[in-house]
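S.K.: Below is a structure I'd like to ask you about.
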Amino acid sequence: MEAGPTWEPEAWGSSGGWPAPRGARAGPSLSSVLNELPSAATLRYRGPGVLPWGASGEEEEDGESNIQAMAEAAQKELGEPIPSRELPWPMQARRTHRQSHARDKVAQGSGSRVAQWALRLRRSKEKTQERLHTLQPWAWTLKRIGGQFGAGTESYFSLLRFLLLLNVLASVLKACMTLLPTWLEGTPPGPPGPDTSSPCGFYNPDPQGLVTFPTHLFSLLSGVGFLEWSPLFYGFYPPRRHLAVAYLCSVFVIGLLHLVLILHRSVSGLKQTLLAESGALTSYSHRVFSAWDFGLRGDVHVRLRHRIILYELQVELEEAVVRRQAAVRTLSQQAKVWSVRVLLNLLVIALLGAAFYGVYWATGATVKLQEMPLVHQMPLVKLGVDYLPSIFISGVNFLLPPVFKLIAPLEGYTRSRQIVFILLRTVFLRLASLLVLLFSLWNQITCGGNAEAEECKTCGYKYKELPCWETRLGQEMYKLLIFDLLTGLAVMLLIQFPRKLLCGLCPGPLGRTVGTQEFQVPDEVLGLIYAQTVVWVGSFFCPLLPMLNTVKFLLLFYFKKFTLFSTCSPASRTFRASTVNFFFPLVLLLGLTISAVPVLYSIFLIPPSKLCGPFRGQSSIWAKIPESISSLPRITQNFLFFLGTQAFAVPLLLISSILMVYTLVLANSYGRLISELKRQIETEAQNKVFLAQRAVALSSASGAL
C-alpha cells in the first residue's frame, strides 16, 4: 500500500502556500479569507511559532515582528481564563474545563481558607496528572507506529506496554511479599539430604560431583540442576508461618490487581467500540470534519496525522463494500455462503482436535522417554525430550494460525469480523493447548484423579516420580517461557531478515512477492496473551516468573520495533482500532480466567508436597489460612468467619442484584431517550432538505418570471 499523501509546496505555487488566483482580482486575498474562518481562532493556542493560514517560509523573516506580537498576545491570554467554546477540544473536555473554572470562581469569591486549599490541591492534582501523562513510556514511538503502519499495529505495541506494566507490578509485589520475608526470618535451609526418612520418599535436587559447562547450560534452559533449588521455584521456600501466608496472599493480590486493571482497560475500549459500532457518528463526516488536531506543530506530526486519517477512511470504505455486497445477496447466495461457513468451521474443529491430541500425546511420551537410560546418557537428546511438549505446542501455534488466516476471507465477513474470528480461533488454540498440557500434568500428578491408586494412596500424589510436583509445574511454565522467547528470536533472524535481504537482492516481481512482509497483528497479539497466561499459571509455582517475563517483554518491544521498521511494510488491509482496543483486553481477561482454574485447583484440592515448599506438612495449601486466622483475636476471627457465612453472602447478593437491575433500567431509559433524539435529528434533517428544495423551486420560478 502506498504511503499517505504528503505536503508538496512546489505543487501549490512558488510561495509554498495556497494556490495563487488565476487572474488579477479585486478584494481580499485568499489568505485573509481563510484567517477569518472559525478554525483560525485556534491559532493562538497552537504556540507562538505557528504561522497564519497561507503564510510562506519567505514571509517568516519579513513578518517576524508580527509573530513576536502574536506570541506576546498569546502569552497575555494565557493568564486569563479561556472561554470553553474557543478551545479546540471535544465537548466532554470543554464541559470539564467550564466546570473547573466555575469551581475556581466560587473558591476565589468565597474567601474561605478551606476553599483556597481545595483549589490549590485540585490544581496540583491536575498538574501531577499532566506530568505523569508526559512520562508515559514510548508515547512518541506508538504515535509514529500508528501513523506509518495503522492503528492495529499500534494497538499491539500499546498492549505490550500494558502487559509490561502488569509484570512490573507483579514483580514488585513478589519481591516484597515473597523474597523479603524469606531472608528477613533467617537464611533459608538447604534441600533435604538423601538420608531424610519420610513415607513420601526422598528429594535431593542438588547435582552430585563435578558438573560440566554443557550440563550447566542445559540446566539453565530446562530449570533443573542448580536452578531447581533456587528462589526461582516453589520448592526452595521454607515452611515458615508468615512466609506461607505472604506467599499465598501475593497470588491473590496480584490476580485481583491485574483483574481491576484489565477491566478498566476493557471498559475504556468498550466505550469507543459501542460508539463506533452503533452508527451514532457518521464515519466519513466525523473523520473528515472532526478528526484533525489543530494543536499539531511540525511536519512530522502533520504527516503522521494524515496517515492515521487515511487508514481509518480505508477501513470504513472496505467494510462498506463488504456490507453492500451482503445486502444485495439473494436467498440462494445466502444459503451458499452459510454452507461454506459451516464446512470451514468443521475443518477448523478437526484441526483443533488433532492439535490437542498431539499435545496430550507429547506430554505422555515425554515421561516415557525420560525413563530410558539412553536419553540420560545424551544431554542434548535429554534436553529435546524435556522440551518436547513446548516444541509441539509452539509448532502447532506456528502452523495453524496461517491456516485460519486463509480460511477467514472465504467466509464473507468484513475485515474487522475476520480479525475477530481469527483471534477467537487462535486464542482457543493457544489457551486450550496450554490447558491440555496442564491436564496431562494433572493426570500424572494425581494418578488420573484416583486418590486410592497404589502410587498416590500414601501421600495423595505420585511421590515416587514427582517428589516436588509444584516445582515440576513451575519448570514446565519456565520452559514454555524460554522456548517462546527463543522461537521469536529464531523467526526474526532466520525468516524475516532473510526475506528482507531477498527482497533487496531480487528487485523483480519474485523478490517483491517473497520478500514483502506485513506485521501480522492477530498472531502477535495472541502470542503476547499466551505468554502472559503462561506467567499467570506459573507465577505460583515459579515466583520469579513475572520478573523474567518483564525482561522478555522489554526485549520483545525493541526487537519487534526494529523488525517492524526494518523488514515490514504497511498492511494492505487494516481494521478498526476501536474493535481491537476492546477485544484484546477481553481476550486477556479470558486468559486470566483460564489461568485461575489450575492455580485454584492446586491450592484447594491437591495435597502439597511433603518434602519441599512453604506448605509442606499441610493437608492442603489453603489449610494454612484457617490455621493463621485461628491465632488472631476472637473479634477478628468472628468477623472473618462472618464474611464466609450465608448471613453475609445473601444480603450482598440481593444488594448487588438490585444495583444491577437499577443500572439496566437506567441504561434502557437512556437508550430510549437517545433513540428519540436520533429520530428528532432525522426529522429535522428531512425538514431542512424539504425547505431547501422549496427554496430552489421558488427561486427558479421567480427567475422564470
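Cβ atoms here come from the backbone N, Cα and C positions, even for glycine.
Below are the features I grabbed from TrEMBL:
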- 1-29: region 'Disordered' (REGION)
- 17-28: compositional bias 'Low complexity' (COMPBIAS)
- 45-65: region 'Disordered' (REGION)
- 244-264: transmembrane segment (TRANSMEM)
- 342-362: transmembrane segment (TRANSMEM)
- 383-400: transmembrane segment (TRANSMEM)
- 420-442: transmembrane segment (TRANSMEM)
- 468-578: domain 'TMC' (DOMAIN)
- 534-559: transmembrane segment (TRANSMEM)
- 580-606: transmembrane segment (TRANSMEM)
- 648-670: transmembrane segment (TRANSMEM)
S.K.: DSSP says what for the domain 'TMC' (468-578): how many helix, strand, coil residues?
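M.R.: Across the domain 'TMC' (468-578), DSSP assigns the residues as follows: 87 helix, 2 strand, 22 coil.
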S.K.: So if I exclude everything within five residues of the ends of the transmembrane segment (342-362), which remaining residues of that chain have a CB under 8 angstroms from its CBs? That is, six or more out.
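M.R.: Same-chain residues near the transmembrane segment (342-362) but 6 or more away: 388-389, 391-393, 396, 400, 403-404, 407, 410-411, 425, 428-429, 432-433, 436-437, 439-440.
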S.K.: Would you call the transmembrane segment (534-559) and the transmembrane segment (244-264) in contact, using three or more Cβ pairs under 8 Å, pairs 6 or more apart in sequence?
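M.R.: Answer yes, regions in contact.
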S.K.: Report the listed stretch (383-400, 420-442, 648-670) having the maximum count of Cβ pairs within less than 8 Å of the transmembrane segment (580-606).
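M.R.: The listed stretch sharing the most Cβ pairs with the transmembrane segment (580-606) is 420-442.
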S.K.: Short question: which residues 6 or more past the ends of the transmembrane segment (648-670) have a Cβ under 8 Å from it?
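M.R.: Sequence-distant neighbours of the transmembrane segment (648-670): 642.
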S.K.: Mind checking which residues reach the transmembrane segment (420-442)? Cβ under 8 Å, same chain, six or more beyond either end.
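M.R.: Residues 348, 352, 355-356, 359-360, 363-364, 389, 393, 396-397, 400-401, 404-405, 408, 411, 413, 449, 472-473, 476, 480, 522-523, 525-527, 529-530, 533-534, 537, 579, 583, 587, 590-591, 594, 597-598, 601 contact the transmembrane segment (420-442) from elsewhere in the chain.
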